[in-house]
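To start, the structure under review is shown below, and the notes come after it.
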Amino acid sequence: METEMKILIGLSGGVDSAVAAYLLKKQGYEVTGTTMSIWDNFLPAPKTKVNDSCLGPENENIETAHKIADFLTIPLYVTDCSGEYKKVVLENFRNEYKEGRTPNPCIRCNAYIKFGILPAAVKKTGLSFDKFATGHYANIGFDSSTNMYKLYKAADLNKDQTYFLYRLTQKTLSETIFPLGIYTKEQVRNIAKKIGLPSAEKPDSQDFYCGDYNDILQFPANPGNIVDKNGRVLGKHNGIWNYTIGKRKGLGLLGGTKDPLYVINISAKQNMVTIGTKEDLYSSSLTAKKVSWCSILPPKKTIEATAKIRRQHKPEKAFIIPQEDSSVKVEFAQPQMSVTAGQSIVFYKDDTVLGGGVII
């Protein structure tokens, strides 16, 4: 083993990245930490605990990261990525909601900020390192038969984070280490407690932002109609960005209805929200664009795989059909509920992440 290899690890102040840093140091690597700063008080502070989300006041997290670095006796650099984060992640977040889509900012952040701008910014300071590591639950391997790096699911399938990592490139995979991929969350917690890490009891973050999304969107009211499938007006909305596919509560309907109703379509062009029954939420196919193949070359013909249309979605059998414009059509073996434009669909073959794209 190359004990002199230099590893830069992203330290969030949480237990996962702290244990990852500990494991790397224990294996003999020269470890340096970096903490990404993305908060510059451009929004009112969310009224919740700091560690409930990624985006929010981060003084406590940075302080904890320093304590972790001191505990592990490794250097720590705080890297300001707030400008890039606003431009790359938050502007896209606002634009997508304005168009009636529901984005996943964590996927975009991973692809462009955490695994791109963050390590690149540290390199610009003159610090040299061989690999970049994080506390994500995922695995990376090299397939000599295809001469390609592969992204694999984590051992702990309940904590597996590959859904958020499908946009990592071959170059990024070749430069990345995921020390926690072979561990369960319980094992990670136990390691943290056993060695007395400062973040051992810290709860997991729950979302990218724990306040009202309108804090970020800041759109003026734009009233429009809520209609049924036949175009009959059932109510009014103040902005399509307040709705997502599958939403049931707080729809703003004028009167009671016999059956539960759900949002089944959002049209930015018509400034209209369409509602229907639960049965109307099911789709047997979808189209995805901005497709990224992380572990294989772009397929030229139909492939069979399993697909997830959201983080908590159980992978379902599907056929991925490449299109001439580099998008893909996905046909499911069984209809799927709440296919949502703006969310990502991720393709798997057993434990291998093939790639994914953005649902349109």
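Keep in mind that glycine also has a Cβ here, set from the backbone N, Cα and C atoms.
Given the structure is predicted, the values throughout are model-derived calculations rather than measurements.
If you take the C-beta of CYS109 (active site, nucleophile) and look for same-chain residues 6 or more apart in sequence within under 8 angstroms, you find CYS54, TYR85, VAL88, VAL89, PHE208. Per Swiss-Prot, active site, nucleophile is recorded for CYS109.
All protein chains considered, the CB of CYS210 (active site, cysteine persulfide intermediate) has 18 other CB atoms within 10 Å. Marked as active site, cysteine persulfide intermediate by Swiss-Prot: CYS210.
What Swiss-Prot lists as ATP binding site is GLY10, LEU11, SER12, GLY13, GLY14, VAL15, ASP16, SER17, MET36, GLY135, and the listing cites similarity to another entry. If you draw a 10 Å sphere around the CB of GLY14 (ATP binding site), it holds 20 other CB atoms from the protein chains shown.
If you look up Swiss-Prot, you'll see CYS109-CYS210 marked as disulfide bond, on the strength of similarity to another entry.
The secondary structure of HIS136 (site 'Interaction with tRNA'), as reduced to three states from DSSP, is coil rather than helix or strand. Per Swiss-Prot, site 'Interaction with tRNA' is recorded for HIS136 (among others).
The site 'Interaction with tRNA' feature in Swiss-Prot is assigned to GLN343 (among others); the stated evidence is similarity to another entry. Following the DSSP three-state reduction, the secondary structure of GLN343 (site 'Interaction with tRNA') is coil.
When the alpha carbons of GLY10 (ATP binding site) and GLN343 (site 'Interaction with tRNA') are compared, the span between them is 26 angstrom. For the ATP site, whose annotated binding residues are GLY10, LEU11, SER12, GLY13, GLY14, VAL15, ASP16, SER17, MET36, GLY135, the maximal Cα to Cα separation is 16 Å. Under the three-state DSSP scheme, GLY14 (ATP binding site) falls in the coil class. Calculated from their C-alpha atoms, the gap between CYS210 (active site, cysteine persulfide intermediate) and HIS136 (site 'Interaction with tRNA') amounts to 20 Å. Here the CA atom of HIS136 (site 'Interaction with tRNA') lies 11 Å from the CA atom of SER12 (ATP binding site).
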